[in-house]
Amino acid sequence: TNLPKSGVDRTFSTADYAVFGSLFLVSAFIGLYFAFVDRNKKTSENYLLAGRSMNGWPVALSLTASFMSAITVLGTPAEIYIYGTMFWWFMISYTIVAIVTATVFVPVFYKLGISSTYEYLEMRFGRSVRVAGTCAFILQTVLYGMVMYMPALALNKVTGLSLIVSIVATSLVCIFYTCIGGMKAVVWNDVVQCVVMWIGFVAIIVKGTSDVGGISKVFDINSEHGRIDFLRFDLDPRVRHSVWSIVIGGSLMWLSVYAINQSMVQRYLSCRNLFQAKLSLYINDVGLFFVLGLASLGLVMFAVYSKCDPLTSGEVKKSDQLIPYLVMDILHSVPGIPGIFVAAAYSGTLSTVSTGINALACSTYEDLIKPVKPDISEKRAVLISKILVIIYGLLGLGVAFLASLLDKVLTMALKMFGIIGGPLLGVFFLGMFTPMANSKGALTGLIGGLMAGMWLAVGSYNYPPSAEFTRALPLPTDSCVGLNVRLPLRGCNGFNVINVTAAVETPVYSGLANSLYALSYCHYSTVSVLVTCVLGILVSLATG
């Protein structure tokens, strides 16, 4: 049966709460374990960089877990459900990113023996550029605190799990284990969370596939509705997902995360040598292939709802509620499984938030406090780092509540996250590849790139791209009973999902709105990196 069973009471059972609760208990326990084991090693390096002693594989799983934030867990399958399989070209982007990061960026950071990425900027350009880079990173990561709100909202709508309880519980558990256990607790918790996410995904894929009648049936239904599509080679940069926008734009977008973002780099630096750090990147790349494979859940979901789409029929309001809806729909009879899935979505959040607050503490201490007060004792340094973890954790909690009050803020915040990364990547490019770049050029480039990015974000937010470029695929409603078709909504995840039903006309724009603002989100980084580099080189030559 493909029809939504509206009358059925689908809420969390006791078993689900038990499974979900045990995730939080395990996380807290790992924090306590490392606090106890490392009780005699009170150095900031041990606390923030795991004493530079980690092996490649746990770090790789940790990188994969942070990548799989709740936005990935809830957003990517919905993305494939609505737009089809073009998203899988990102496999190429991830591989390019892993190779470039491992061969170009990580060796530089290792040779310099730094703790924070932005230390490099001071060595190359001077103090002002380092502070500017650090502040941009802090803003970017605090804004990203809104990821706590996203799973809470989607799950609250579908399972009735209280919003406030889940946001507070998430952030307190994160603060607790990151504060007492430091980097080791963050990495090993990520390993656990990564496994939980995989189990959650596999459980739904297996159940959904068997409900529909096997893997070949899933593919038949999807290709019948034009969902299986890999061959879009449009050169137009406005097409949301073409091979070029994903391979070029997507690579730059993820390079700004993997190559220079403190949350990521801090983990390569916690490896015991350069070989292990490179290894972690390559294993992580394999991990990301798995993640994209698991996103085929979008195809399974489409097969399950191929007669009646829950979005158009009004069963769910936004695209990121599709997955929780599916889970409660096909798995509510199996106690504990919805709990595993909810735990999976929250694992994504826990790993992203704990990594974020740990990196913020490291960056603030190394980049803003230590240069001003270089003679702090190691014991004091650890204490300051712990206090910073608590402050940033609570700040993230505040930002998440802000997002719950202002729904539109979320879309903007996620765009900002992408926009700040591009110019920072541009500054590193200037530093590493252009000998003539100087600090005036780097600063001007950074500011120019940020302004260009903000302009794009605000423009595209006010003038969402038309259906001609987003290419959402039609969602079937032929067998819905008592249909109440709604107007399209913009999804609150970073993908800006627009559900286009055949009856709805999207407005037609001209001028800037149809050229610059219609640019694929994949190319935001491309534009801001280019603006930063060109401005930086020109100003450097003029002031050189």
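Every residue gets a Cβ built from N, Cα and C, even glycine.
So that you can see what the record holds, here are the features copied from TrEMBL:
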- 17-36: transmembrane segment (TRANSMEM)
- 57-75: transmembrane segment (TRANSMEM)
- 87-110: transmembrane segment (TRANSMEM)
- 131-152: transmembrane segment (TRANSMEM)
- 158-180: transmembrane segment (TRANSMEM)
- 187-206: transmembrane segment (TRANSMEM)
- 242-260: transmembrane segment (TRANSMEM)
- 281-305: transmembrane segment (TRANSMEM)
- 387-406: transmembrane segment (TRANSMEM)
- 412-430: transmembrane segment (TRANSMEM)
- 442-463: transmembrane segment (TRANSMEM)
- 518-542: transmembrane segment (TRANSMEM)
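Most Cβ pairs within less than 8 Å of the transmembrane segment (187-206), among stretches 17-36, 131-152, 242-260, 387-406, 412-430, belong to 17-36. Contacts between the transmembrane segment (158-180) and the transmembrane segment (17-36): present, as 3 or more C-beta pairs lie under 8 angstroms, all at sequence separation of six or more. If one looks beyond the transmembrane segment (518-542) by at least 6 residues along the same chain, the residues whose Cβ comes under 8 Å of a Cβ in the stretch are 237-242, 245-246, 248-250, 252-253, 255-256, 415, 418-419, 421-423, 425-427, 429-430, 434, 436-438, 440-442, 444-446, 448-450, 452-453, 456-457, 460, 463, 465-466, 469, 494-496, 509. Residues 142-143, 145-146, 148-149, 152-153, 163, 167-168, 171, 174-175, 178-179, 353, 356-358, 360-361, 364-365, 413 of the same chain, all 6+ positions outside the transmembrane segment (387-406), place their C-beta atoms under 8 angstroms from a C-beta of that stretch. The recorded stretches the transmembrane segment (412-430) and the transmembrane segment (17-36) do not share 3+ CB pairs below 8 A when only pairs 6 or more apart in sequence are counted, and are therefore not in contact.
Residues 169, 173, 176-182, 184-185, 188-189, 192-193, 196, 336, 339-340, 342-343, 346-347, 350 of the same chain sit 6 or more residues outside the transmembrane segment (17-36) yet have a Cβ under 8 Å from a Cβ within it.
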